[in-house]
Structure formats: C-alpha cells, structure tokens
Amino acid sequence: MATTSTTGSTLLQPLSNAVQLPIDQVNFVVCQLFALLAAIWFRTYLHSSKTSSFIRHVVATLLGLYLALFCFGWYALHFLVQSGISYCIMIIIGVENMHNYCFVFALGYLTVCQVTRVYIFDYGQYSADFSGPMMIITQKITSLACEIHDGMFRKDEELTSSQRDLAVRRMPSLLEYLSYNCNFMGILAGPLCSYKDYITFIEGRSYHITQSGENGKEETQYERTEPSPNTAVVQKLLVCGLSLLFHLTICTTLPVEYNIDEHFQATASWPTKIIYLYISLLAARPKYYFAWTLADAINNAAGFGFRGYDENGAARWDLISNLRIQQIEMSTSFKMFLDNWNIQTALWLKRVCYERTSFSPTIQTFILSAIWHGVYPGYYLTFLTGVLMTLAARAMRNNFRHYFIEPSQLKLFYDVITWIVTQVAISYTVVPFVLLSIKPSLTFYSSWYYCLHILGILVLLLLPVKKTQRRKNTHENIQLSQSKKFDEGENSLGQNSFSTTNNVCNQNQEIASRHSSLKQ
C-alpha cells in the first residue's frame, strides 16, 4: 500500500482513515473534484464575455497554486522555482538558444527532484508526489520555449505545418506564463496543452470562425455559438467512476507482482502465465484512465478542449484528451497502442525531440521519455525494450501486412492474431514500469527466458528492411504543405483545428500528422 504520509494538508485525514486510502491520494482526488466545481464556476461567472483575460489569468493561477499548496505543502514552491528560473532564461538568453537552455534546465531540475524523492523519501511508493505536476510543467516549459523559438527566430519556410500553427510570435507576460504553467485545471494531472490553445481559451477566441481573405490573411467572419460541454463532462465522469471502481475492486486481486511469484512461476503453465500477464496489466490501467479522464473533464467543464464538430454535428471535446480507451484495448499494433496512450506526452516528445533531432530520433525519443518519467530502473528497462519492440513490430508490419489485406476473412484473422501479439508484447514490455526496481524486473524477464527480446532481435536481423516512401518524401511533403498554407494564409493564429474548417476529414488529417512521426 502507498505511504500514508503527506507533505500537504492533513485536513482530510479522517476521510482517509474512513475510506482506508492514503492521505496523499485522498487529497489528490478531493482537490480534483474541487477543481471540477471551480471549473464550472469559472465558465459560468468568469466567462470571457463577462470579465477580462487578466482576471481569468489571475484567478486560474491563484486557484492552481492553492491546490498545489494543499496537496504538497511547501514542496509546491518547486513549481514556482522551476517556472521562474525558466522564464528568466527565456528573457536573458534570447530566442536563438533559449529552447536548448530551458530544455536542459527544466529537465535537469525535474530529474534532481525525482532523485531526491525516490532515493531519499519514499522509494517504490505510488503516491501523489510533487514531481508529478513538475513533469507536466516541464512539458509546458520546454514546449513553450520551442514554440517561441519557432515563432520569433526561425523562418516560416523552415517550419513544419504543425510548428507554424503552434509558433508563438511574442514573449508571454509573466502572468500569462504562470497561468499557463500553474492553472487550476491542469496543475495536478495536466494534461499538456499548447500555449496558443490555452491563450485562445482564456481570451475567448476558441469559437471564432476564420477564413482566408482576398489579401491572403485570415479574417474573422463571425463567432460560432458556444456549445455546452455538459454532455462530454458527464460521460467522462462516468468513465472515471467505472475506472475507479474497477481499480479499487479488481486491481488489488490481480497484482502485477504475482507474475514473479516463485510458486506461480514454478507451477503455472505457459498459457496460464500469458493470460495472467495480460489480465494483471489490464487491471493496472484503470487508475490512469481515472486520473487522465478526470483531468480532461475538468478542462472541459471550464470550457477548454473544444475541437469542432463531427460529421453528425456533435461537439467534440477532445482537443487535449490524453487517451482513447477503446482504441487502447483493441490495439492490433504497437503503434496503435502508443498512438492512443498518453497522447499529449506523445505529442510533446514528437515536437521537442523527434522533429528536432537528425540522429536516431526513435531511440532518442524513448530515452527522453524514460528520463522524463523518472529515475526508477524499471522505466529504462521498459523504454529500451519499447525501442526494440517498436522497431521489430514495424519490420513485421512492413514485410507481412500486405499479404493479409484481402479477402476480408483473412484480414479478420490477421487482426485477431495481431491483437493477441500486441497485447502480450505491450504487457511484457511494461512490467518493469510497474515493478520499478531492477531485480524483480530481471526476474520476470528471466522467467520468460527473454523470449520477446530474442524474437525482436531475430526479426531485425533476419527480415529485410523495407524503406517506405513516407520517410523519403517527408521533407518534400512538408515543403509543399508549408508553401500551400503560407500562400493561402491558413491558420496564422495557430488556433485549434476547428478554427479553419468544420470538415472532419481535415481534422483527422491534422490529428494524424501530429501523431504519426513519433509512432511510425
């Protein structure tokens, strides 16, 4: 069980005792529920049509800092220190190199805090520790630094279409910066959002319809009627309730640690081991579903997260959603799983690492992901194994998938087999992420004779490398897309995807372009 101590408030200790959950977890859930109510109040009484952006920034920031103080006590000062020093770097260093200095400092400061928490305070504990919010703030600092660098230093023709859309053309004020990093909607569990999307929301420009004018510049034509987020919020709260119920009732009866139990290893058959591995890791996911979906609901309740309308005219509130549960559980490829899990972190990795490095971007991206997650050895085992599995899965797909496209019965057979293989491979890969320590992780892999590691290496050694046209034409396509968008003056404000079109196909293309580079 997680630690029962906390650096934050002990006001809810009686409730913690009553529900038999650690006080830090109770503080987190109660503060998120408070944030949900505050979000409804924020949207109702501090709507952009009723008050100024300044007031909205101030209230969002103060509420966020209060929640941080309640949950983490004086450790919440780390949020201000990390944010404050990073802002000074942005001002002093200048736009040419600020993104590099901010990246090194923010990630370094996060790592130091993670080391002290893990090796000094509570090694191996799953608690709502103060480094959790710092992980989100680190994402925001580094993302914003890159966006400012793109908008104020690099030439437009050097940018990809997504970089141009997100580029920040002026230095944020200190209040805007702190509001972006520490607002109450995302201070505890995120998710990450782009600076432009956040400022657009605060300033009430989320529902503006824009169209290219004759002079090639965007002209606001009219303001769309603001849709209600109530249905989306209720649906997400239902998912939260089911996820929490599943976690509290099922997860404890199917511990991942049982995979390395000596008696289980000695007596269980291989089919039993495989089935239990899958079920135990399946049972470990609902706590993430709960936390991320609740965070998404909070932002939606405040009016943030609207992406546009689908083909049926229904409002889409998934601009900053962090996962798609159905796609995760039905994934038929490693890529499909990763595309739908921790989506905003995947976008961050793509934007600050994958798109900006020329040498082994896949490997460097996995390494950055491991460093960002923390200093437990299990994280590094998971992400190094993930590199191998990703490359092997890509090779298998490129060499064999085209044989199973037709007829439909063969395609169905292929989907069933790849679903089974994907779920087992994902479970096998992430066991160290849950076990954390090196010894139990290696014990697990040894009990499986490192079979998937060996199989992955053999796949890479034996299967021919089939180069796809996608990577070959990436630069060419980017330039064509940039030229077209620059000539038409599309999306110069870098707002949400719905700002330029209601066409669902175009929206899906934008989503695909944001995810595909990291996962392929």
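Cβ atoms here come from the backbone N, Cα and C positions, even for glycine.
The DSSP secondary structure for N342 (active site) is coil. Annotated active site per Swiss-Prot: N342 (among others), in sequence order, evidence recorded as similarity to another entry.
Swiss-Prot lists H373 (among others) with the feature active site. Sequence-distant neighbours of H373 (active site) (same chain, 6+ apart, CB under 8 A from its CB) are M135, Y379, F383.
The feature transmembrane segment is assigned by Swiss-Prot to 22-42 (among others).
Annotated transmembrane segment per Swiss-Prot: 61-81 (among others), in sequence order, evidence recorded as sequence analysis.
The feature transmembrane segment is assigned by Swiss-Prot to 88-108 (among others).
If you look up Swiss-Prot, you'll see 184-204 (among others) marked as transmembrane segment.
Here Swiss-Prot flags 237-257 (among others) as transmembrane segment, drawing on sequence analysis. Cβ atoms under 8 Å from those of the transmembrane segment (237-257) belong to residues 276, 279-281, 283-284, 286-287, 289-290, 293-294, 297, 325, 431, 434-435, 440 of the same chain, restricted to positions at least 6 beyond its ends.
Remote same-chain residues near the transmembrane segment (264-284) are listed as 246-247, 250-251, 254-256, 258, 329, 423-424, 426-428, 430-431, 434, 447-448 (criterion: CB distance under 8 Å, separation of at least six residues from the stretch ends). Sequence annotations record features per position, and here Swiss-Prot assigns transmembrane segment to 264-284 (among others).
Under the heading transmembrane segment, Swiss-Prot lists 366-386 (among others).
Within the chain carrying the transmembrane segment (416-436), a Cβ under 8 angstroms from the stretch's Cβ atoms is held by residues 124, 256-257, 259-260, 274, 277-278, 280-282, 284, 330-334, 336-337, 376-379, 381-382, 385-386, 389, 393, 444-445, 448, 452, all 6 or more beyond its ends. Positions annotated as transmembrane segment by Swiss-Prot: 416-436 (among others).
The transmembrane segment feature in Swiss-Prot is assigned to 444-464 (among others).
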Would you mind checking how many other C-beta atoms are within 10 angstroms of the C-beta on N342 (active site)?
18
Count the Cβ pairs between the transmembrane segment (61-81) and the transmembrane segment (88-108) that lie under 8 angstroms and are 6 or more residues apart in sequence, then report whether there are at least 3.
no
Which of 22-42, 88-108, 366-386, 444-464 contacts the transmembrane segment (184-204) most, counting Cβ pairs under 8 Å:
22-42
Using a Cβ cut-off of under 8 Å, list the residues of the same chain at least 6 residues beyond the transmembrane segment (366-386) that approach it.
107, 110-111, 114-115, 118-119, 131, 135, 138-139, 345, 349, 352-353, 428-438, 441-442, 452-453
